[in-house]
Amino acid sequence: MKQHSRKQPLFLAFIAFLAVTLHQGFAASDVLPTAAAPQTTAPPPAPPARPERGNYTVTNGNGTVCLMARMGLQLNIRFNSASLNNTVQDVLNLQPNVTKSSGSCDSDSATLLLMAEEKTNLTFLFTLNATSSKYHLSGVTLSAAWPDMSEPFSASNSSLDYLRGTLGRSYMCREEQTLAVAVNFSLNTFQLQVQPFGLTGDQFGAAEECQLDEDDMLIPIIVGTALASLVLIVLVAYLIGRKRSHAGYQTI
């Protein structure tokens, strides 16, 4: 009996130690690790809506209109941001109500200069080939000094080949098209119609449509032709089947 009484306190002490240890382990497991604060980045700015279509004209020395353009313009520029200290991509719609147009016309070249807000100057250079009576947009230059630019922006390309048309006719492209000018600058046009040579009064000549517009018109033509062919096939099959059914009832 004495031996049993000595072991009992030791056993109770062991049980108490085990309970304390288990309690500390459960308490430690209840403490959740501190989650790292999520890193938030500013979402990219939403692209602006389609630009408003502007009417721009150039007159020669005697006041006669020598260049006409109707188009919506959107500038895509990559520049160094002063506030972010990084390179950013920005899109700006040219607002016709705050954009002034000017320029000059010669026998084989015509220039359209658009001056907008925030010191944004956009120049188009059109060149005429007298031999082929074809013209095209051969050069675009942009200079800008927006508030967030770390330094004034400038881009130019004088070896372009866009907006090809025929003397006395206008070039038209209703669809949006992108004109790549430089590595850090491209130009989007919307509902464009332009004529830099051979104007009669202040009216556009007959329009020559761009490939994008022609492709857009070609799709419904193809679909319509396919549907008409399908209807014709079904009709022919029906008539052949009907003829055979009548032949089966002939008196032998």
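In case you wondered, yes, glycine gets a Cβ from its N, Cα and C as well.
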As recorded in TrEMBL, which of CYS105, CYS210 forms the disulphide with CYS173:
CYS210
Of the residues in the domain 'Lysosome-associated membrane glycoprotein 2-like luminal' (51-199), how many are helix, strand and coil by DSSP?
3 helix, 98 strand, 48 coil
